[in-house]
Amino acid sequence: RLANAVTPLWRLPYQEQLQVKYESQRKVLQALASHLEELGIEAQKPGGVCCPLQPVVPSPVINGYRNKSTFSVNRGPDGNPKTVGLYVGTGREGNIVCVKANRMENIPPKHKQVAQCYEEFIRRSPLEPCILFHKGGHWRELVVRTTSHGHTMAIITFHPQELGQEALATQKALLKEFFTCGPGTVCALTSLYFQESTMTRCSHEQSPFQLLHGEPHIFEEVLGLKFRISPDAFFQVNTGGAEVLYRAVGELSQVDGDTVLLDICCGTGTIGLSLAHQVSKIIGVEVVEKAIEDARWNAAFNGISNCEFRTGKAEAVLPQLLSSWEDARPLVAVVNPSRAGLHHRVVRAIRNCASIRRLLYISCKPEGEAMRNFLELCCPPDPGKKLAGEPFAPTLAIPFDMFPHTVHCELVLLFTR
């Protein structure tokens, strides 16, 4: 059941998986075309799509490609509340069970090994798991990150409840001992982090990641550049797929030595830094402070000096940056937001900046909130929404399969004006 829920295409031959994804992306572009028609924009191209759609670019790695996995702690099918795995079922129907990830094709063996060891540790622990915050308990989720260099980072989330500093110190010591001297040694962890968290997801600012053992960062290589990764920094989950994607972004952006590239939601700077040698300057914007620290380190380490990274919400940083933009150099924007899409103030700032003629929108969920962004970029000028600038038009769409065996893929949409 778990494999079918999380990786529903796993039984299909890979070429058929790509075909399924192509069809779903075609539907997205047809929906965009009909929404634009409703706004009075002639958008339909042959096949009812709003722009040419290229075939799905395959992932170079099909199995075990994930470099990051998040495992939950909850009741297993046998009723044991100390089970480490992935959820099946829904909260609404109250039939959630936590199932071990052993049969998941997209998760590498190393991640499964760390999850198995964490389960062994919490089953030995006298402390209870934290399934519902208000009902007490402590042991919560595990995040495992790995790199092609063979580095492994484990991040364990723990609800402190009413425990004092001494009791917390004991738990941290036991955890460290288990993974450095005990049965967990087989995981050969590069980094072991612990986070005391009283919320579902805590940033480093809300509750610091505490390094219990090893190195503060793990390192990955993308397109010949070295990147350091912090516990909560965003990094494409499929490294080989990311290389293919970033190469294509470099070609599609048509940047040259005169271009300024604006990398919005830049994470650790991977896209901008991989294109830095082709452009005059990179400006990256990102809300996660640790990711910006990583991005600056990555630039310095790789000897890249034409990059400037700004920390803050894009909707706060960008309108300020673009409203006073007087640089005569061509400006190309690349946006790679989360599933929530871009804040409307960001879209407005891009739209109202006449210097931006090309925009690459990379979306992992184009049928969701991103669709609203596409329409705001392309709709006729709308004084009510403060969308004054000339509209963009969708010009080319290329899907990239970053998530084999699942229904998801990453869509790159090129907008021009």
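The first residue you see is number 1, and the count goes up from there.
Backbone N, Cα and C define each Cβ position, glycine as well.
As the structure is a computational prediction, the values presented were derived from the model and not from experiment.
Over in TrEMBL, the protein carries these features:
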BINDING   GLN236, GLU286, ASN336  S-adenosyl-L-methionine binding site
DOMAIN    258-321  domain 'Methyltransferase'
ACT_SITE  CYS364  active site, nucleophile
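Remark: secondary structure over the domain 'Methyltransferase' (258-321) totals 30 helix, 16 strand, 18 coil, with classes taken from DSSP.
The separation of the residue listed as 'active site, nucleophile' from GLN236 (S-adenosyl-L-methionine binding site), Cα to Cα, is 11 Å. In this structure, the C-alpha atom of ASN336 (S-adenosyl-L-methionine binding site) lies 9 angstrom from that of CYS364 (active site, nucleophile).
All chains included, 19 other C-beta atoms sit within 10 angstroms of the C-beta of CYS364 (active site, nucleophile). Counting only the Cα atoms, the space from CYS364 (active site, nucleophile) to GLU286 (S-adenosyl-L-methionine binding site) is about 17 angstrom.
Note on GLN236 (S-adenosyl-L-methionine binding site): other Cβ atoms within 10 Å of its Cβ, all shown chains, come to 24.
Of the residues the record lists as binding S-adenosyl-L-methionine, namely GLN236, GLU286, ASN336, the two whose Cα atoms sit farthest apart are 15 Å from each other. Sequence-distant neighbours of GLU286 (S-adenosyl-L-methionine binding site) (same chain, 6+ residues apart, CB-CB distance under 8 A): CYS265, CYS266, GLY267, ILE292, ALA295, PHE309, ARG310, THR311. Highlighted in sequence order, PHE234, PHE235, ASP263, CYS265, CYS266, GLY267, THR268, THR270, ILE271, ILE362 have their Cβ within 8 Å of the centre of the Cβ atoms of GLN236, GLU286, ASN336, the residues recorded for S-adenosyl-L-methionine, and are not part of that set. Cβ neighbour count for ASN336 (S-adenosyl-L-methionine binding site) (all protein chains, 10 Å cutoff from its Cβ): 23.
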